[in-house]
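Scroll down for the structure; my scribbles are underneath it.
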Amino acid sequence: MTEAVAAGFRFVTGGTLAPDNPSYVRRAADDELLQACLAGRFAYVLSSRQMGKSSLLARTIEQLRERGVTVAMVDLTAIGTQGVTQETWYAGVLAEVERACMPQTDLFDWWAEAAPQPIVQRFIRYLIEVVLAELSGPVVILIDEIDSTLKLDFTDDFYAAIRHLHNARAEQPALARLSFVLAGVATPTELIRDPARTPFNIGQRIELADFNAAEARQLVERIGPGVADTDAALADVLRWTGGQPYLTQRLCALLAAAPGANPPSAAEHVDGVVAGGLLSDSGWADPHFQSVARYMTESPAELKADLFATYAQVLAGRRVASIDASPVHNRLRLCGIVKRVDEQLVLRNGVYRELFGRPWLRKHRPTFWTPANRIWAGALAASLLVTAGFAALWLRAEQATAAARQARVEADAGRQQAEQATERARRATADAQAATLAADAAAANDAGDPDRALALTHQALATRVTPVSLWAAFAAAEQHQALAALLGHTDVVDQVALNPAGTLAATASHDGSVRLWHLPDGRQAAELRGHAGPVIAVSFSPDGQRVLSAGHDRTARLWDSRTGEPLLTLQGHGDRLMAAAFSPDGNLIATASQDGAARLWRGTDGRLLHVLEGHKHWVRCLAFSPDGRQLASGGNDGDVRLWNVRSGRLAARLAGHRDWIRSVAFSPDGRSLVSASDDATARIWSTRDARPRQVLRGHATSVRSAAFDDRGARVVTGGGDGAVRLWRSSDGRPQRRWQHPRGWINAVQFVGSDQVLSSDDAGVTRVNPIAPDGQVLTLLGHRQAVTAVAVDSRTMLALTAGNDRSARLWSLRPGSLLARLRPGQRAVNDLAWSADGQRLLLAGEDGVAQIHSPGRAEPAITLQLDSGGTPSAAGTKTRASAAPGPSRPPPEITAVALSADGRWAAVARKADADDGLSTVQGFDARTGERRPLAGPGHRATVNMVAFSPDGQWLVSAGDDDQALLWRAGGSAPPIALRGHQGAVNSAVFSADNRRVLTASADGSARIWSLPDGRLVRPLAHSRDGERLRMASFSADGRLAATAGDDQRVRIWQVDTGALLRTLEGHDDIVMSAHFSPDGHRLVSASQDRSARVWDVASGKALFTLPAGRTDIARLAIYSADGRLIVTTSDDGHARLWRAADGAAVGEYAHADWIWNAAFSPDGQRLATASEDGSAAIWDLGRSAADPARLSAWMAQRLERLQRPAAAPPSPAER
């Protein structure tokens, strides 16, 4: 137990609080337990450690005794589990009861006399015949630390006896005076473990909840003078602790003991204390955190994989419904790392998120479970019929090796079978080798060596193409981010640079050389020699034609970037150079030196223009303002100085830091400057009046790097404490914090407007999403510190420099992701490819539709639904006139479509009776010009729009019980397809442009003719009126499929309307059903979390795809060539399957539901639309669908990493 004193008040962390301790906080559980005991009810308090169970029991005991209740407290840890027998254990329990109740009868005499009877019977008799017989009032027996009994093999009878004492009350009224309270870290289902016996199912559950705001306030108010704003401090304490009792007391104690500083905000003060006291190495040593970690890592083997997989989902913010009967969920809750909120499992608090985040998960998860391989379990189960995980790979390797030996025996047994047996032996040996290599690759990934994992899985694939080696190769490729390793330097690489075109990289090394490299293949273009010592700075001129380097030999040098020839040598400094930079127009060069001066040079001829003197120590860093008129320099004297570039005179001295300046950077508009210092602060200065605008406090040690975003609205800082912090530049308020697990931060930069890149001294670079629900991308490969980073947000490339003598080029798009498109801030509901695959139309809840050219981040055209204006090709709008009154947000877009010829786009939206707009609107897809559709439209929300294959017709399906058939371009009023008695959920054309098929909530589908819109025939899918979700045609138009809420798919003959097949097997609503391109198969997706592939001719299910691991499967469709199937799920994943046999070949993740997915016409890309506010385009070249293509991709990547690649697999090996 530890205590901290604040104004005479003691915060107590750990141990049992005395009943009268003022730091005890009453909760609802106090009254619930007391009332249960007074009423004679059995109860149990089962929760994670350090939630206040023992303190609650102590307080309850005192209150019960004050009311005349006899209370016996039995702490089972005092009895122990080592060397005890069943006899001595029961006697020990009753000895504690005797000591509290003090009956006249001696326990041990009575126990010896009753010895011929079974132990449990003696236990029950003693309580009835001695305790209740000799005491007249109520008796409560509290048993604490019951989890210690889980190690004993005889305690099932103990809990069964307690249950008997409860259930026997009806026959023995005296037992109503005896009640039990059980407390500990266990669940009721664990108490009686014998499956043949009735589980422990009695008693009132007393829930020990975290402190709410009112309860936590009692502690925060006692912190003392270190907290000026109690409300703000309370919010920040709860932000970190979530009200967890131990952590709340602990943090309050740390705040009470913190020095009486005066930070600009409570958040900064609390964050700093948390970083130094809870998240530091000393904080991590806290027994509380060690206990949580042990409870996770020492979980039973049969639970461990599922436990870590479930925790990973919770950590990622996914919805995980809490299941009381789940051993995995119960263990996570007893561990304390998660809690139940609104029937969902959620991470308990911010401290746990930092300490037990992805780095901890990656380090401690079972070795066969990795984030990139989340679907190994399903893939292996389907293809190998073995248990999930890399443990299965080792088993597979052993089995294959045994099979190889057996095959060789058979080969020797008979000459006639020798050739066949030898071939079997060869294949079995290859299987074993491939499985072993795949397992080795898993270990390499877990050890943080993705390069080796890629090489090993490539070798496994070359050895033999098996489901194991194929999936291992995909998993390794998906996790691999390094594009090339730039090797050749013989000493530390200190600085890197990218040319403006993104085609050339420069590296500066302590080996005295600068090297130029072609991108993206990483081939060396030139080696620039001339410096007589380490080179510590390198940069490209704004036009990319020249390279500037600076070194310890007191010189800066200019080089021709095309030829590598030296152009100029800048000499004059009296000591080593520390930095060098081009002005924005490339006409000037600035250098900084340990001689205490900066110098300005003319970039054309190297003439010295100005010597900038004034710093009292080394000049460590410098930066030009965006307009090139000012130069900022930062020195070891703690000063930042602004210089007039034209005159060379000092414009301002920015004083305030108390230690070295590590970096300086201007905002994009040049009005602000941020400086990072070893005094643990960063400061934002006004460049107009030289006054500090904000002081950014929160880092525990030096701030080593700072940068503005591209709008100047935010600043990111990286510190020696391993923390990366995001701040609002206008007021200095902290926005986000990310923690590197090891090493200080050497460099931070923004990547676009929504990510922050940070590199540390442990060799790790991370791309941190600013959005709270985003996923961190970790770049592993450097063996030592990453010293510098260059980022190109346009190409999403990063170049890192390392103390391991290498530079590495990285893709900042995770795995197979080619682009992530965000049309707004809310869900993307639908998308559609153009026929040539060069454009993608997407739209969502924000009421904005965009046409993108894949490969470009910005939309080519923005189509926006509102009351006026014409979208422009630049994505802006021009209004013809401004409508009076307040503006209203555009309604949600529900569906989009592109015509096959690429001319027309259709956008459908939710209905809004007040705006008078049609719920379907047309556009010229080439220009974005609005093409109003003639005539009345839908009177309700539109669910789907589709163009006919020839591009001449448009059909829309609406909640107003009708579909409308329009001429593309909207020149004529629509034809209404009426007859349904419920909302029309889907409408599609046949491939020959002769038919339209609609599906309705009334349980029927209808076939209509073109061009007259005449009803051909209805298809009565559900006699009970259960709604249809969708309907589809086969490619030849001869068959139709319907799917709906009756859990069935039905196949119909279009010409006659005859029902051909009813496909049964799903256990919940069927969301979609689509034919394969050849019409021989059909794939369906269901809310039962599965997709099924059916044989159309026989109606038999061929195989089941586990499409939704934790949530419903929403969609399943074939690629155009019929080789692949993609399924989408509300668990946030699109999964790729081989259509022939259902083998898993890829998985692509969003942070929330995926509403729709579509293959590009060539089948090489996949587009997905998600509730997380983004659409994504994925490269299928890394998928396991084509072993030869995947192997070739891996070979090219390994060549760029300068690692040997294995020979490609032969046709026989495939």
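Quick reminder: no glycine exception, Cβ is built from N, Cα and C everywhere.
Those TrEMBL annotations? Automatic predictions, nothing curated.
TrEMBL lists 404-438 with the feature coiled coil.
Among the features that TrEMBL reports, compositional bias 'Polar residues' is placed at 864-875.
The region 'Disordered' annotation in TrEMBL covers 863-892.
Sequence-distant contacts of the repeat 'WD' (486-527), counting only residues of its own chain at least 6 positions beyond either end whose CB sits under 8 Å from a CB of the stretch, comprise 533-540, 542-544, 547, 549, 551, 559, 561, 563-564, 787-792, 794-795, 797, 799-803, 805-809, 1200, 1202. The repeat 'WD' annotation in TrEMBL covers 486-527 (among others).
Long-range Cβ contacts of the repeat 'WD' (528-569) within its own chain (Cβ-Cβ under 8 Å, at least 6 residues beyond either end) map to 491-492, 494-501, 504, 506-516, 575-582, 584-586, 589, 591, 593, 601, 603, 605-606. Under the heading repeat 'WD', TrEMBL lists 528-569 (among others).
Long-range contacts of the repeat 'WD' (612-653) within the same chain: residues 578-579, 581-585, 588, 590, 592-594, 596-600, 659-666, 668-670, 673, 675, 677, 679, 685, 687, 690, each at least 6 residues beyond the stretch ends and with a Cβ under 8 Å from a Cβ of the stretch. TrEMBL lists 612-653 (among others) with the feature repeat 'WD'.
The repeat 'WD' annotation in TrEMBL covers 654-695 (among others). For the repeat 'WD' (654-695), the mean pLDDT of the prediction comes to 95.
Summarising the annotation, TrEMBL assigns repeat 'WD' to 696-737 (among others). A Cβ distance under 8 Å defines the sequence-distant neighbours of the repeat 'WD' (696-737), meaning residues of its chain 6+ beyond its ends; these are 263-265, 267-268, 271-272, 275-276, 280, 659-660, 662-663, 665-669, 671-672, 674-684, 743-750, 752-753, 756, 758, 760, 766, 768, 770, 772, 793.
Beyond the ends of the repeat 'WD' (779-820), by six or more residues, the same chain brings 372, 448-451, 477-479, 481-487, 489-498, 502, 505, 507-509, 511, 517, 519-520, 522, 710, 743, 746-747, 749-752, 755, 757, 759-767, 852, 854-855, 857, 1146, 1148, 1165, 1174-1183 to within a C-beta distance below 8 angstroms of the stretch. Residues or ranges marked as repeat 'WD' in TrEMBL: 779-820 (among others).
Summarising the annotation, TrEMBL assigns repeat 'WD' to 935-966 (among others).
Beyond the ends of the repeat 'WD' (977-1018), by six or more residues, the same chain brings 940, 943-944, 946-950, 952-953, 955-965, 1024-1033, 1035-1037, 1040, 1042, 1044, 1052, 1054, 1057 to within a C-beta distance below 8 angstroms of the stretch. Annotation comment: TrEMBL describes 977-1018 (among others) as repeat 'WD'.
TrEMBL lists 1032-1062 (among others) with the feature repeat 'WD'. Look at the repeat 'WD' (1032-1062): DSSP puts its residues at 0 helix, 17 strand, 14 coil.
Per TrEMBL, repeat 'WD' is recorded for 1063-1104 (among others). Here the repeat 'WD' (1063-1104) is broken down by DSSP into helix, strand and coil counts: 0 helix, 22 strand, 20 coil.
What TrEMBL lists as repeat 'WD' is 1118-1147 (among others).
When the repeat 'WD' (1147-1180) is classified with DSSP, helix, strand and coil residues number 1 helix, 20 strand, 13 coil. Per TrEMBL, the feature repeat 'WD' maps to 1147-1180 (among others).
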Distal contacts, the repeat 'WD' (654-695) - CB-CB under 8 A, six or more residues away: 264, 620-627, 630, 632-636, 638-642, 701-708, 710-712, 715, 717, 719, 727, 729, 731-732
DSSP residue counts for the repeat 'WD' (977-1018), split into helix, strand and coil: 0 helix, 24 strand, 18 coil
Three-state composition of the repeat 'WD' (612-653), taking helix and strand from DSSP: 0 helix, 23 strand, 19 coil
DSSP-assigned states of the repeat 'WD' (779-820) in counts, ordered helix, strand, coil: 0 helix, 23 strand, 19 coil
Secondary structure tally of the repeat 'WD' (528-569) (DSSP, helix then strand then coil): 0 helix, 24 strand, 18 coil
